[in-house]
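Novice: I grabbed these lines from Swiss-Prot:
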| type | residues | note |
| --- | --- | --- |
| ACT_SITE | 106 | active site, proton donor |
| BINDING | 70, 94, 354 | substrate binding site |
| BINDING | 190, 221 | NADP(+) binding site |
| SITE | 146 | site 'Important for catalysis' |
């Protein structure tokens, strides 16, 4: 997590720049620089040893001009309210850019979920759902998983909310297990979307992604699935890292093997990509510095900074994580001719899939995996095409500028039409 509100500061810089470049009034920035609502909750959990711990949680509802609030719930020991505000702001931009009928929100609990037993984790999840229940709902705020949470956590939360509501309420939470109103595509939707974004930009830059080399920073859900789908699309993954280090193999690292490690890690926390064939490097950031065509930072924010951007050698950076590149580092990359596909465009596959699941749940219908993936791919491809065309037109802009201004236009028009501005 960021220190001293740095991530929030960077996010506000992005919004400020977008407002200025888009020619929006100053009042628009003032309204976007503060969330509409901040919910702070205390969640008591009876631990396995019989004692009680009280965990601090948040739900930040940033802007709902376009529709219900939408964003994930993060369980992390170092999460701060400032981080949560920044992430909610990014969700507002991401949802707008994707053309979804959502505003932006984010939730968090300050906890290390790895230190909880399954029973303790379930009690915490249900406690959080109870605490925020009065201010969420299928037409109000629709949470989903994020770092430290998963489909099982969503299952506990939707069950708890349904008990409180006195009815089945599948559309209140998304990214649920397929056994409980979920869709199998959600497991890999973010990574798949990152791969689609990389493919579509590579097609326009170089004529295609076939044979292009890729390094992935982060072997969690987004990184592992992005690697898998990039290989399926014809690219060659030559480096990938996790918290224990980096493995490099110029001959290529099979996507199925990367996925296997990711799946093993769900059962055994000691599983690592260092078990894969190739050169082992103790530094997990070594994947950022490989001589490759495409870099996918897919772990945490602020990993490409002004103090290390000179070591980045990729020609194209596709942001799988939220905020992995600081504004100063991005300016340096831009000056060197390195293209950065911003997070609000590249990693929107997860929330687009959440939207599709929400639509299914509201209507009590179900699309099969192939149809769902087709719809997701079409939305991602169209979004990239729109942003790329605008970026080409505005020669002095970065692709993030094009994405942010495009997102802000939709939000501004909705707020103006409502009479909010």
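Residue numbering: from 1, along the chain as shown.
Heads up, the Cβ atoms here are built off N, Cα and C, so glycines get one too.
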Novice: Expressed to the nearest Å, what is the distance separating residue 354 (substrate binding site) and residue 190 (NADP(+) binding site) at their Cα atoms?
Specialist: 10
Novice: Could you measure the widest C-alpha to C-alpha distance across 70, 94, 354, the residues recorded as binding substrate, and give it to a whole number of angstrom?
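Specialist: Answer in Å: the longest Cα-Cα distance is 13.
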Novice: Measuring Cα to Cα, how many Å separate residue 146 (site 'Important for catalysis') from residue 70 (substrate binding site)?
Specialist: 12
Novice: Across all chains shown, how many C-beta atoms besides its own are within 10 angstroms of the C-beta of the residue listed as 'active site, proton donor'?
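Specialist: Within a 10 Å radius of the Cβ of the residue listed as 'active site, proton donor' lie 30 other Cβ atoms.
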Novice: Can you tell me which of the binding-site residues 70, 94, 190, 221 is spatially closest to residue 106 (active site, proton donor)? Compare CA atoms only.
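Specialist: Nearest listed residue in space: 70.
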Novice: Once 70, 94, 354 are set aside, which residues in the chain still have Cβ within 8 Å of the Cβ centroid of the substrate site?
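Specialist: In sequence order, the nearby non-listed residues are 71, 91, 95, 98, 100, 102, 104, 144, 348, 350, 351, 352, 355.
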Novice: Between the Cα atoms of residue 190 (NADP(+) binding site) and residue 94 (substrate binding site), what distance do you get, rounded to the nearest Å?
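Specialist: Residue 94 (substrate binding site) has its Cα 13 Å from the Cα of residue 190 (NADP(+) binding site).
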Novice: Taking DSSP three-state, what's residue 146 (site 'Important for catalysis') in: helix, strand or coil?
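Specialist: Note: residue 146 (site 'Important for catalysis') is coil by DSSP, not helix or strand.
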Novice: For the binding-site residues listed here (190, 221), tell me which residue's CB has the most neighbouring CB atoms inside 10 Å.
Specialist: 190
Novice: What three-state secondary structure does DSSP assign to residue 106 (active site, proton donor)?
Specialist: strand
Novice: Give me the CA-CA distance between residue 70 (substrate binding site) and residue 221 (NADP(+) binding site), in Å, as a whole number.
Specialist: 20
Novice: Whole-number Å only: compute the distance from the Cα of residue 94 (substrate binding site) to the Cα of residue 221 (NADP(+) binding site).
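Specialist: Each residue's Cα considered, residue 94 (substrate binding site) and residue 221 (NADP(+) binding site) end up 19 Å apart.
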